[in-house]
Amino acid sequence: MLTISQILDLNWDKVNNLIPIIVQDVFSNEILMHGYANKKSLLITLKKKKLTFFSRTKNRLWTKGETSKNYLKVIDIIPDCDQDSLLALVQAIGNTCHLNNKSCFKKKKNINVSFILELERILKYYKKNNNSTSYTSNLYKKGINKISQKVGEEAVELVIAAINKDKKNMLEECADLIYHILVLFSYTNIPFIDLIKILKKRNT
């Protein structure tokens, strides 16, 4: 996380004592928005862990989500090599764009394997922050036996759906199975990319 000494060492001269901030979703790596900060807004950000900007239009400080409640929970802030811009890694609470979109930048909705890697990052977050009451956090708390049991249960349910030729249910059960496999991999510290490497070898 950005420190007070790093804030003071930033190059504040380029944009009238303001620093541009690029905001990136820590899970999906998607760029969410761009804004500006001054020293005071950065100090507030460090204190509240909610991204706070300086609005050049309103000429005041504003915390993203202060009206909409769509806050940007700060995970890390990283200065660039020239010390004149910042990258904020955040957990977005709700949509970021005022047009009620996830990002202020339009993006084609393509489905690819990167979504699995995004899900893997989310699972790692829940594994690390196990004080949550979510279903996934509870699985991590119960340990390897419960997680493995769930993988087995979902596999059986997929087989039953296949035997019954229920394609819709097959998709649902397969999604559940893959999800619990990812939880199992995360719990045992096996990166999903290692499985992809094995699949690629088998395809050659």
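Residue 1 is the first one shown; counting continues down the chain.
Placement of Cβ uses the backbone N, Cα and C atoms for every residue, glycine included.
Marked as region 'Phosphoribosyl-AMP cyclohydrolase' by TrEMBL: 1-115.
The domain 'Phosphoribosyl-AMP cyclohydrolase' annotation in TrEMBL covers 33-106. Secondary structure by DSSP for the domain 'Phosphoribosyl-AMP cyclohydrolase' (33-106): 10 helix, 29 strand, 35 coil.
If you average pLDDT over the region 'Phosphoribosyl-ATP pyrophosphohydrolase' (116-204) in this model, you get 91. Here TrEMBL flags 116-204 as region 'Phosphoribosyl-ATP pyrophosphohydrolase'.
According to TrEMBL, the feature transmembrane segment maps to 177-196.
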